[in-house]
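> One structure, as structure tokens, below. Some questions next.
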Amino acid sequence: MSASQPSTEPGSIETGGSDVSSGDTQTTKPKRVLLAKPRGYCAGVDRAVVTVEKALETYGPPVYVRKQIVHNKHVVETLEKRGAIFVEETDEVPEGALVVFSAHGVAPAVHDGAKQRNLRTIDATCPLVTKVHQEAKRFARDDYDILLIGHEGHEEVEGTSGEAPERIQLVDRPEDVDKVQVRDPSKVIWLSQTTLSVDETMERVNQLRERFPELQDPPSDDICYATQNRQVAVKAMAAECDLVLVVGSQNSSNSKRLVEVARNAGARDAHLIDYADEVDESWLDGVGTIGVTSGASVPDVLVMQLLSWLAERGWADVEEVTTANEKVAFALPRELRKDLVR
Ligand code: SF4
């Protein structure tokens with residue numbers, strides 16, 4: 001895996017504006033905001049949210065959605081107001097009703113359960129998650145032991161593991177590496193969740209390779225372009241920042257990783273917030289440069305609200321830091337498209 005390279009067209013780092021020395025004293029620090037680009041919605045999230053919106057328009061409410069369609073409080077609350085009903089499992093959906101599967105993907109057993117209850121389904125799994133499912137199926141079929149690097153309990157990991165539970169072992173923390181048991185050390189491959197920290201994942205891979213020198217890499221990057229690009233953008237500005245604010249929800253893996261990446265890349269402080277009014281004003285004490293970014297499930301309106309909130313407190317000078325220009329888009333799920341063209 002070429003883990004450090006985002007897969008979209010690279011841009012340039014354009015910070016423009018004033019030259020600020022991190023050695024300035026607190027009293028002389030100019031107040032400015034560095035705004036990461038890319039940030040916010042990725043192609044998979046956009047597709048999943050539009051899928052629920054179009055399903056509501058086309059079939060009328062209620063539209064059931066298994067799990068949060070994407071991990072963002074604002075998005076979920078907005079769709080709820082329009083008639084979406086979020087459930088944990090398909091057995092909460094009335095027989096014959098319409099259910100949308102979230103962007104994080106589902107295990108085959110969930111599809112089977114929905115079929116048994118005669119549910120109409122629309123699968124909004126991100127195509128880049130589906131790609132990891134296909135890899136898992138293929139390597140399980142070829143009788144590999146698959147080491148899936150990911151966070152225990154995350155929906156995406158549960159969905160991918162469900163493709164071949166007898167062949168997949170989850171590796172989350174460093175200590176999990178010692179617990180792995182494989183049948184043939186020459187037939188082992190690692191795969192990963194799409195929204196991990198690129199650097200931490202490579203640490204885990206190196207650890208695994210010490211135990212299994214013949215460990216094979218996935219055929220292509222599992223950590224998706226959007227996760228990688230947002231991490232590259234935050235890294236490019238972190239060292240200049242006294243504070244980085246990441247807009248995103250606590251259950252959003254890629255948003256949480258942005259906070260960690262910012263800290264590891266030199267930001268003096270970093271926090272995850274859902275809304276501007278969650279900023280603790282004490283975080284701003286002695287701060288000059290504030291970095292702002294957002295997770296892949298965050299609509300940009302929430303970032304704009306944060307910028308207004310900061311402008312009211314003196315941080316009105318905003319410079320965009322561009323490290324990539326994303327042009328990825330995915331077609332809506334087939335099950336929905338056929339009804340849209342009628
Ligand atoms: S973060 Fe990546 S894998 Fe997840 S929905 Fe977005 S594009 Fe797809």
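Positions of Cβ are set from backbone N, Cα and C atoms, glycine also.
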> Going by the dimethylallyl diphosphate site in TrEMBL, where His71, His104, His154, Ser252, Ser253, Asn254 are listed, which of the candidates Ser297, Ser308 is also part of it?
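That dimethylallyl diphosphate site, as TrEMBL gives it, pairs His71, His104, His154, Ser252, Ser253, Asn254 with Ser297.
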> Given TrEMBL annotates Cys42, Cys126 as [4Fe-4S] cluster-binding, which of Cys224, Cys241 belongs to that site as well?
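Of Cys224, Cys241, Cys224 joins Cys42, Cys126 in the [4Fe-4S] cluster site that TrEMBL records.
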> Between the binding-site residues Cys42, Cys126, Cys224, whose Cβ has more other Cβ atoms within 10 Å than any of the rest?
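Result for the most crowded candidate: Cys42.
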> Out of Glu156, Ser252, Asn254, give those recorded positions positioned within 10 angstroms of Thr194 ((2E)-4-hydroxy-3-methylbut-2-enyl diphosphate binding site), comparing C-alpha atoms, in sequence order.
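Glu156, Asn254, listed in sequence order.
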> Less than 6 Å between Cβ and the nearest atom of ligand 1 is the rule; apply it to the binding-site residues His71, His104, Thr194, Ser253, Ser297.
Thr194
> Only counting partners 6 or more residues apart, tell me which same-chain residues put their Cβ under 8 Å from the Cβ of Glu156 (active site, proton donor).
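Listed in sequence order, they are His104, Gly105, Val129, Gly150, Gln193, Thr194, Thr195, Ser253.
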